[in-house]
């Protein structure tokens, strides 16, 4: 049916950050929807400022200590000798290294617990900006630890970086979800995980011995975490606060309209504002959801269980065991150190490539489909990897099959389980419950990350290759749970998703 061309929209003085919005012709309701729901340069600026300043930290600090592990351990031993005129035992070195790796997750757990408080008190954008302080402190402590002759500074620096990443993991997906057009919400939410994978790969490349992974340059490698913090501090202030937060939490419709108009590149944003106002009216009837209420209220408990299980599935699948200890895994498969590093880089490259594919597919195939495909593939590759590692002494070529299987495992992870849990939490909850739910889910994620980080090597030493059967069991349960309980949220407004849980709870 043809649409008549409407007159030019009235000019509105909507000015945010000194940038005037231009008049644009309106050609009917459908055109307005298309116009307000696409990518704009301003929306892209907000996305880039968020993911480069937040997700980059998360991935970089996850992978940065993998390649220079031996060199840093030698420095720790030398530092100990300069203090006490004796070297640390191999067990002592392993203990210090385990603390150095796992303290990052402890910081992440702490940061995640404060996500709700930060997001409500300072806003999504404000919380992200303040959070950069932790990254800067962490980078300085790590970079200057050799100069101070203190491996304790290195450990404390890793802790501060963990706090930063724990907060980022909650605040950034929340902000991205709330500034996204409904039909791009999944793709934009997946960009957080995409930058995590890219930064893991970058950290692995920079950590190689012929780049920054040397006895002289590794402090610069760890201090580089300051760079994305400075980038976000410079760019994110140019972008608006989340319009949804501004309207629903701050009750400021004018500012919310200005923010949304800036992001959409048009003053014609009334449909989105009306949807937010409807949620705002509903939110007025209830105070901010507490931890007790989110656990006891059946309409909130169901999406919380889904969020927690998906976070557990992501971490207890064994993915971070592969990332943290990928070089060791390849050595167990019979490769020398250079071959192991090359295989690790190949794994990182495939992780990035398949996460890009996931960003493209998530709005077409849907969240649930990609999650099921990814988890099922991870289960299969984990079982096969166990067999290859167990039988590697019977045939040398099984070592190379192990490399292929580890890369296949990462490919399956990147297909869905890597990115979907981060933004799905924000999709399952209304504004009043979102901060509390995000704090719980992200804290569970970091706790599971910590458990895997501290237990994988001892379990691997005790169980050998059969340690991966633990992950296979978790993956099998996760596939069944996802099939039975996880709803499809593609192209659904938040109020429709939350209404579905209310109907299920009280039918």
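Just so you know, glycine gets a Cβ as well, placed from its N, Cα and C.
With a threshold of 8 Å between CB atoms, the same-chain residues lying at least 6 positions outside the transmembrane segment (39-60) that come near it are 19, 128, 131-132, 135, 161, 164-165, 168-169, 171-172, 175-176, 179, 184, 188, 191-200, 202-203, 224-225, 228-229, 231-233, 235-236, 238-240, 262-265. Marked as transmembrane segment by TrEMBL: 39-60 (among others).
Taken from TrEMBL, the feature domain 'Major facilitator superfamily (MFS) profile' covers 47-490.
Annotation source TrEMBL lists transmembrane segment at 95-116 (among others). Residues of the same chain lying 6 or more positions beyond the ends of the transmembrane segment (95-116) and with a Cβ under 8 Å from any Cβ of it are 61-62, 65, 69, 72-73, 76, 88, 127, 131, 134, 151, 154-155, 158-171, 174, 324, 435-436, 438-439, 442-443, 445-447, 449-450, 453-454, 457.
Residues annotated as transmembrane segment in TrEMBL: 128-149 (among others). Long-range contacts of the transmembrane segment (128-149) within the same chain: residues 50, 53-54, 57, 75, 79, 82-83, 111, 118, 122, 156-164, 167-168, 171-172, 175, 219-220, 222-226, 228-230, 232-233, 236-237, each at least 6 residues beyond the stretch ends and with a Cβ under 8 Å from a Cβ of the stretch.
Taken from TrEMBL, the feature transmembrane segment applies to 155-176 (among others). Long-range contacts of the transmembrane segment (155-176) within its own chain (CB-CB distance under 8 A, at least 6 residues past either end) are made by residues 47, 50-51, 54-55, 57-58, 61-62, 65, 96, 99-101, 103-116, 118-119, 124-125, 127-128, 131-132, 134-135, 137-143, 145, 188-189, 191-192, 222, 225, 229, 242, 422-423, 425-426, 434-435, 438-439, 442-443, 445-446.
Taken from TrEMBL, the feature transmembrane segment covers 188-206 (among others).
Nonlocal intrachain contacts for the transmembrane segment (218-239), taken as residues 6+ away from its ends with a CB within less than 8 angstroms of a stretch CB, comprise 17, 42, 45-46, 48-50, 52-54, 56-57, 60-61, 64-65, 68, 71-72, 75, 125, 128-129, 132, 135-136, 138-140, 142-147, 154, 157, 161, 164, 203, 206-207, 212. Taken from TrEMBL, the feature transmembrane segment applies to 218-239 (among others).
Non-local neighbours of the transmembrane segment (302-325) in the same chain are 62-63, 66, 101, 200, 294-295, 347, 371, 375, 378, 382, 406, 409-410, 413, 417-418, 420-421, 424-425, 428-429, 437, 440-442, 444-445, 448-449, 451-453, 456-457, 460, 468, 470-471, 474-475, 478, 481-482, 485-487, 498, 501, 504-505; each lies 6+ residues outside the stretch with a CB under 8 Å from one of its CB atoms. If you look up TrEMBL, you'll see 302-325 (among others) marked as transmembrane segment.
The transmembrane segment annotation in TrEMBL covers 345-362 (among others). Beyond its flanks by at least six residues, the transmembrane segment (345-362) meets 63, 186-187, 189-191, 193-194, 197-198, 200-201, 204-205, 322, 326, 370, 403, 406-407, 410-411, 413-416, 418-420, 490 of its own chain at Cβ-Cβ distances under 8 Å.
According to TrEMBL, the feature transmembrane segment maps to 369-391 (among others).
What TrEMBL records for 397-425 (among others) is transmembrane segment.
Under the heading transmembrane segment, TrEMBL lists 437-457 (among others). Long-range neighbours of the transmembrane segment (437-457) within the same chain, counting only residues 6 or more positions beyond its ends whose Cβ lies under 8 Å from a Cβ of the stretch, are 98, 101-102, 105-106, 108-109, 111-117, 119, 162, 166, 169-170, 173-174, 289, 291, 294, 300, 303-304, 307-308, 310-312, 314-316, 318, 320-321, 324-325, 328, 421, 425-426, 428-429, 467.
Long-range contacts of the transmembrane segment (463-483) within the same chain: residues 309-310, 312-313, 316-318, 321, 332, 368, 371-372, 375-376, 378-379, 382-383, 385-386, 388-390, 456, each at least 6 residues beyond the stretch ends and with a Cβ under 8 Å from a Cβ of the stretch. Taken from TrEMBL, the feature transmembrane segment covers 463-483 (among others).
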